[in-house]
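Colleague: Below is one structure. I have some questions about it.
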Amino acid sequence: MSEDMEGVRQALDRLRIRIDSIDDTILDLLNERLEIGREIGAVKEKAGLQVLDRSREKSIFDRLVARSEGRPVSDTLIHHLYGIVMAATREVQRSRTIAYLGPEATNTHIAALQQFDYAGQFVPRTTIADVFEEVEKGSCDYGVVPVENSLEGAVNHTLDLLFLSPLSICAETCLAISHDLLSRETDLASVSVVYSHPQALAQSRRWLAQNLPHARLVEMASTAAAARKAAMEPGAAAVAGSQAAAIYNLQVLASHIEDSGRNTTRFLVIGRDETRPTGSDKTTIMFVTAHVPGALFSGLKPLADLNINLVKLESRPTRQENWNYFFIADLEGHREDDLIREAIDRMRPNCLFLKTVGSYARCSF
Ligand SMILES: C=C(O[C@@H]1C=C(C(=O)O)C=C[C@H]1O)C(=O)O
């Protein structure tokens, strides 16, 4: 090693010792914070108070943002980091169980982790119907299921189950599906085999041919199974979402290796909560109209009359009678808004059946 390189190594070692010591302190302080959170939880439980206190959380964010002004930890980073820390502090006060369409590391799992800030007990279920059932019978507080993909369209099974279910939509979350190359290796040269779902391999074919021309490509049942395999095998990599890296402790060797296309999936959180208005909300209703000319038109007319934006309209067979359909409409606004309330009241007499499935904050893309 040249003298120069030796100097660089020593400088890095010295600085990294300081980083290690800071990480230890941060971790000890986080553990102390969670322990205090647990004590706060006990006080609240005795007093019959709710775990979530938004105004306290807001005042913490405001104080920290002001404290860090002009320093490297930005406003956005504070919201991101402390959002996770606060979710964990709430979680030790009252654990939430979240059923999702599994197995582990699927896009639905990632969407669930993202939506609940990684705090909670996440329970994989094999089918969308099983997720609904867990929440309906009360063994889980929430369920997370896919509802729409930007390339494939609606997930009909989710819509059909929602039609029959007593549960509400509490939130929606969107996930940009992108493909990354994940491995326990730290450089591309050490990768000799790449595992993934056939679709993900196909969508990354050009990048793989250019960057790993000699690697063997092996098809797996899912990108999650591929990531799990890559985590166990030296010289192996997986094409999967970057979040699978955190779940399986893998390195992201390359990001966004898909050849083209923007592929986004929208997920719903189902449960029993009635969500408060946020100022940027959507309301989902489901309704059935009579089988006569103009029925859908008169059903929807109040929306036009009241100038309410119809974000989405889908139809599905009711399966109770042939050629009978129910409609799913997403309206801009919250069920507590006077305008939305008025519109639904006016729609009701024009429909054979109508239910509000939930009002929730719109996801940002
Ligand atoms: C710890 C508390 O419970 C929750 C968690 C908070 C936090 O992590 O700082 C703040 C407010 C509450 O939503 C609290 O009420 O102080």
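Using N, Cα and C of the backbone, Cβ positions are placed for all residues, glycine too.
Note that the structure is predicted; figures quoted are calculated from it, not measured.
Among the features that TrEMBL reports, domain 'Chorismate mutase' is placed at 6-97. The domain 'Prephenate dehydratase' annotation in TrEMBL covers 97-272. Marked as domain 'ACT' by TrEMBL: 284-361. Summarising the annotation, TrEMBL assigns site 'Essential for prephenate dehydratase activity' to Thr265.
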Colleague: Taking the Cβ of Thr265 (site 'Essential for prephenate dehydratase activity') as the centre, how many other Cβ atoms fall within a 10 Å radius?
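Modeller: Neighbour count, Cβ to Cβ under the 10 Å cut-off: 21.
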Colleague: Per DSSP, how many helix, strand and coil residues does the domain 'ACT' (284-361) have?
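Modeller: Residue counts in helix, strand and coil order: 24 helix, 30 strand, 24 coil.
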Colleague: Determine the mean pLDDT over the domain 'ACT' (284-361), rounding to the nearest whole number.
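Modeller: The answer is 93, the mean pLDDT of the model over that range.
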